[in-house]
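Following: one structure in structure tokens, then a few remarks.
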Amino acid sequence: MLIKRRAFLKLTAAGATLSAFGGLGVDLAPAKAQAATMALKTVDAKQTTSVCCYCSVGCGLIVHTDKKTNRAINVEGDPDHPINEGSLCAKGASTWQLAENERRPANPLYRAPGSDQWEEKSWDWMLDTIAERVAKTREATFVTKNAKGQVVNRCDGIASVGSAAMDNEECWIYQAWLRSLGLFYIEHQARIUHSATVAALAESYGRGAMTNHWIDLKNSDVILMMGSNPAENHPISFKWVMRAKDKGATLIHVDPRYTRTSTKCDLYAPLRSGSDIAFLNGMTKYILEKELYFKDYVVNYTNASFIVGEGFAFEEGLFAGYNKETRKYDKSKWGFERDENGNPKRDETLKHPRCVFQIMKKHYERYDLDKISAICGTPKELILKVYDAYCATGKPDKAGTIMYAMGWTQHTVGVQNIRAMSINQLLLGNIGVAGGGVNALRGEANVQGSTDHGLLMHIYPGYLGTARASIPTYEEYTKKFTPVSKDPQSANWWSNFPKYSASYIKSMWPDADLNEAYGYLPKGEDGKDYSWLTLFDDMFQGKIKGFFAWGQNPACSGANSNKTREALTKLDWMVNVNIFDNETGSFWRGPDMDPKKIKTEVFFLPCAVAIEKEGSISNSGRWMQWRYVGPEPRKNAIPDGDLIVELAKRVQKLLAKTPGKLAAPVTKLKTDYWVNDHGHFDPHKIAKLINGFALKDFKVGDVEYKAGQQIATFGHLQADGSTTSGCWIYTGSYTEKGNMAARRDKTQTDMQAKIGLYPGWTWAWPVNRRIIYNRASVDLNGKPYAPEKAVVEWNAAEKKWVGDVPDGPWPPQADKEKGKRAFIMKPEGYAYLYGPGREDGPLPEYYEPMECPVIEHPFSKTLHNPTALHFATEEKAVCDPRYPFICSTYRVTEHWQTGLMTRNTPWLLEAEPQMFCEMSEELATLRGIKNGDKVILESVRGKLWAKAIITKRIKPFAIQGQQVHMVGIPWHYGWSFPKNGGDAANILTPSVGDPNTGIPETKAFMVNVTKA
């Protein structure tokens, strides 16, 4: 047998390693034999490439599958992949065991109302029965007109959550099917992890995505890691952090705990969880006072010069326009003064007393070091060191980046946490540049893609706003969401909204005209929230009858888990689609549950793991990467895409036979676009639909399209309904040239190679642009501010941009006739320092978490975010002596999310077998707790046990003259498995949320800790 190079290297490496250990006197003969056998097995195996299914770094995998058994025999890192270069974290390295796992249910499971056990059922019985339940509940709860007489065509009785664990193509048909049924309660992981990111970055820059990409971290001069712990939670990203350090970059970590990330940093500063805005606003004050801002950038690329209207005011933590009864702002008070053409008035000297720059100087003057230190618990000298180091990147040839995650997002001020740093990055000129950006570390393999494809109640794919009751016609819908600008230098890219919305609607109902098809879309009630916390509150109140939990475990993942679990008992039926049984599917047999009293009918559908199916996922850096089938789905598991297709076809058949209320959206849904000639899910056909194709012949400029031809770029989409595009930002991903996401070409120009763009490896949205807002990396004539790491440059002789795909094809801004401004997704073309579109203020303001250890703070008399989402029936602990300690949740390297997949993977479970609570030595002494003791953590909402870990890595904080203790717990556990592993951390967390997105505040709440 010929041994290929890769197998030969494996054999020799294994032999060398085992020889070394053999020299220690250890008998390694069995291990040698096993290693040799495994290496030889992979030589003749089918080899496919895939992408890791855990965090959103997007590491490449090579999967070896036995050709005879069609089972995986080995999964390893792909050495050719430019992100991970063959390396994997513990979770990625365990992928083989995830697939080849005896704990995966072999067949669908059914739990009858009142039953205390599962029973196996056939797939046909399950799918037919679920389809019947869907059709029956839809008919019973379908609202054609609301109380005002407005046509809404909405199904109020069914909700669905999930899933960032699905491929893009599965996500798209999933949302299409749900919306055809009339669902508005559509939510998934993004709401409770990074919804704050989208709202903050879209307000600041125009798009809600990570601005740069993982490899680009190596180009940074200073990396600030705050609200994140990348060394443990995104380990392969840290490869690129260390590349930057090797080149001389300064690494900074600001975090409540001293972690593995901290150990590699030049500066570590402790900070009380929930006090980030004070720290970041202090940095803004420092930049402004010391004049460390990049003035040309601030004047030319931001709205610093915009003059704010006379209605703006701010006093004691409240902006103008606040209504105490409704707890909302009249945001018109925050608007800009405008000229006769409707364009904002500007003062480029930045001297006008009401220009944004001057308003900012006034707003931030309160944030002095003494107050910041007193509320954050961070020593003043460390605050100054962080500010000095990071603000040095305000020079044209320097770049600083921020890496953040749940530590910023999961707060009632989550959006403003991110806005605060977004503002600092603009002041320092760090947006659009190599080594800069605001980089959101997403924690689900495809949470970027699932959000792009509209798996949330408020957006359709491509971030198109959803329809509401007050928008009865398609014409009014496009008018509402299409901004108008008369500024000739503003690209105002969202003016193309009608092209994108028409193409989306036509992807679902190509045979209906736009007005008719728009009528099929469900219309939410104006002013009503349908997001995660409200969804489960409505379920708790018995308003929701049927529920899909698709690739998600809300009984553990949502805030106030006891409330969520109780809400599930109020359902008529629930469908749980997952790889393993879990706390959601089996809620009826969980703690404090009496199955006999629970009437919820439960259907558990076992699905395929990532390496068992084909399709694309999009990582945090917006790279859309194609995965191929390795092993077949284990036993009788079925891929999500096929499940969606089967359910959609069955419901269509039922409604075709007995139409009931408005059957047309379901029966006319073009499911033919989803399947191959055999009627099975076809990821390639759906990827082509997402890209978009011509429905009839037409011409754009010199480009002619024939009906059925793939659209090359979203600039060619049409507003008249002659094109499809399931998600306009993905147009260009699957063209007549083929599947761009499947590309593996590492060729680069010298300019691209300097910063590691890899434009031929897979495809990035939009239009394969790797660093968004990149025209802000050059001066007004198109010359790079940092020539040694240029992203784009204007070639005046050839009249074109070189380097990355420019963020807009126009000439530089100095060309007053043809040039356009850099931030094309904002109406005026400028990035927003001052953002009047958010619910809680145009500038970040400090507020305490809804549960906190203080009754006042030094910045204003307003303690909490006055617009935060909360429920009047739920108690909160503010300076409550029963709950004296701050608690925060976090992750460990070996587990992922609620632990549903990793707790069922023996290698990983062995490393982190049960719930623990980290606490300081001082707190342990105070409570008489020793290392390894069992302790009880209790909040207003519930209690759980954990094993105590006493550590020097957590220290008490000095907060306003008093000592405040903090404890930390991982959120990966649940009662169902393993036995004695502990329960969900979210039993303790509050159902309160950010007013912009409803993301829950699970990173700062109050508990008591006692020895069990």
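A Cβ is built for glycine as well, from the same backbone N, Cα and C atoms used for every other residue.
Features of the protein shown, as given by Swiss-Prot:
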type     : residues                               : note
BINDING  : Cys52, Cys55, Cys59, Cys89             : [4Fe-4S] cluster binding site
BINDING  : Unk193                                 : W-bis(molybdopterin guanine dinucleotide) binding site
BINDING  : Thr393, Lys395, Lys398, Leu428, Asn430 : Ca(2+) binding site
DISULFID : Cys852-Cys879                          : disulfide bond
DOMAIN   : 45-103                                 : domain '4Fe-4S Mo/W bis-MGD-type'
SIGNAL   : 1-35                                   : signal peptide
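Sequence features annotated in Swiss-Prot and their locations in the structure.
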| residue | record | contacts (Cβ under 8 Å, 6+ apart) |
| --- | --- | --- |
| Cys52 | [4Fe-4S] cluster binding site | Gly58, Cys59, Gly60, Leu61, Asn84, Leu88, Lys91, Gly92, Thr95, Ala445, Ala610 |
| Cys55 | [4Fe-4S] cluster binding site | Cys89, Lys91, Asn233, His234, Leu441, Arg442, Gly443, Glu444, Ala445, Trp896 |
| Unk193 | W-bis(molybdopterin guanine dinucleotide) binding site | Met406, Thr409, Gln410, Arg442, Gly443, Glu444, Val447, Ile999 |
| Thr393 | Ca(2+) binding site | Asp221, Val222, Ala399, Gly400, Leu428, Asn430, Gly436 |
| Lys395 | Ca(2+) binding site | Phe294 |
| Cys852 | disulfide bond | Gly274, Leu863, His864, Val878, Cys879, Ile886, Ala1004, Met1006 |
Among Cys89, Cys879, the one of these recorded positions whose Cβ has the fewest neighbouring Cβ atoms within 10 Å: Cys879
Number of Cβ atoms other than its own within 10 Å, given for Asn430 (Ca(2+) binding site): 31
Cβ-based neighbourhood (8 Å from the centroid) of the Ca(2+) site, residues Thr393, Lys395, Lys398, Leu428, Asn430 excluded: Asp221, Val222, Phe294, Cys391, Ala392, Gly394, Pro396, Ala399, Gly400, Gly429, Gly436
Same-chain residues at least 6 apart in sequence whose Cβ lies under 8 Å from Lys398 (Ca(2+) binding site): Asp221, Val222, Ala392, Ala786
Check: same-chain CB within 8 A of [4Fe-4S] cluster site center, minus Cys52, Cys55, Cys59, Cys89: Tyr54, Val57, Gly58, Asn84, Leu88, Lys91, Gly92, His234, Pro235, Ile236, Ala445
CB contacts for Cys59 ([4Fe-4S] cluster binding site) [other CB atoms within 10 A, all chains]: 29
Cβ neighbour count within 10 Å of Leu428 (Ca(2+) binding site): 27
Secondary-structure category, per DSSP, in which Lys395 (Ca(2+) binding site) falls: coil
DSSP-derived structure type at the residue listed as 'W-bis(molybdopterin guanine dinucleotide) binding site', helix or strand or else coil: helix
Secondary structure composition of the domain '4Fe-4S Mo/W bis-MGD-type' (45-103) [DSSP: H/G/I, E/B, coil]: 9 helix, 18 strand, 32 coil
